[in-house]
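As annotated by Swiss-Prot, active site applies to E147. Taken from Swiss-Prot, the feature Zn(2+) binding site applies to H146, H150, H156. The compositional bias 'Basic and acidic residues' feature in Swiss-Prot is assigned to 268-287. The domain 'Peptidase M12A' annotation in Swiss-Prot covers 53-249. The region 'Disordered' annotation in Swiss-Prot covers 249-287. Feature annotation from Swiss-Prot assigns signal peptide to 1-20; the stated evidence is sequence analysis.
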Amino acid sequence: MKGFIFAGVLVSALICLAEGKPFDNLELVEDDMLMTKEQKEAYLAHQNGRVRRAALRDRYLWPQGKIPYTFSDDIDQAGRELAERAMNHWMSRTCLRFSPRRREHAYIEFQYDGRCRARVGYTGEARQKVSIGSALDPCPLGSVIHELGHGIGFFHEHSRPDRDEYVNINVNNMREGAESNFRKDNGYFVDSRGQDYDYGSIMHYSKYQGNNAFNAVVMEPIQRGAEIGQRDGLSAGDIRQTNLMYKCNAQGDSELQPVNDEDEDKDGGDSKKKPDPKGPKPGEIEE
């Protein structure tokens, strides 16, 4: 389930987070990405391109790799420890730094809503929810690591514009309504930083995700012997991509600075492309 946020369309999705109703007016995209209607339309508008790796542009990344966080009132001690283990997994392997929120305006909030899902990328407004299941049925650690991947700016790996060179999708084996989980970006939002497709990414779906029958294969790797869908931890590619994305230096700090719209227009991206209304986009909620 991997795909970095490309940085071009998140603004509208930021407005939707009501203080007491965290997912009001948000639509679920690809099972675990939450987006506003406008963000969903923009995301869906960029699915047929050629950029590699599903990673967002700088505008949708957390400045300096610093991510404040809080816990909702319903999160128990076990849930807090689960979230902390997932954050430590990222921090021990990248230059990202999660810290308890003080007065920061933008932050993530861990909560129980019964699902494993999160907003994609940095929106810059209000709190961004990361749901880690429920007290009775918490998400596995690997799934929480995966959801934090969405939160820091990854789409699903199979959302990459070049994914058809690496996996075959069998729509006949999909359950009804699962098609939207297998959309790909057209290169408008995605910036791969020159990295190759990563079968081993923690952001990649398994072969059976979204299937309509037991053991029915929905997504088959083209490379013989390749395994997809692991939830053990970050792959070497995940780590490398994150450190490139957040401009990690030799001291283990992020040199990523805030990017405004004007700077973003000058900083990479394909100006000839337009968002694909049917493609994934920043600010959506993904699982």
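Positions of Cβ are set from backbone N, Cα and C atoms, glycine also.
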- Note on the structure: So E147 (active site), by the Cβ count within 10 Å over all chains shown, scores 31
- Which number gives the other C-beta atoms within 10 angstroms of the C-beta of H156 (Zn(2+) binding site), all protein chains shown included? 32
- For the domain 'Peptidase M12A' (53-249), provide the mean pLDDT of the predicted model. 93
- Taking only the Cα atoms, work out how far H156 (Zn(2+) binding site) lies from the residue listed as 'active site', in Å, as a whole number. 10
- Cβ packing number for H146 (Zn(2+) binding site), 10 Å threshold: 31
- Is H150 (Zn(2+) binding site) helix, strand or coil when read with DSSP? helix
- 10 Å Cβ neighbour count around H150 (Zn(2+) binding site)? 31
- According to DSSP, which of helix, strand or coil covers H156 (Zn(2+) binding site)? coil
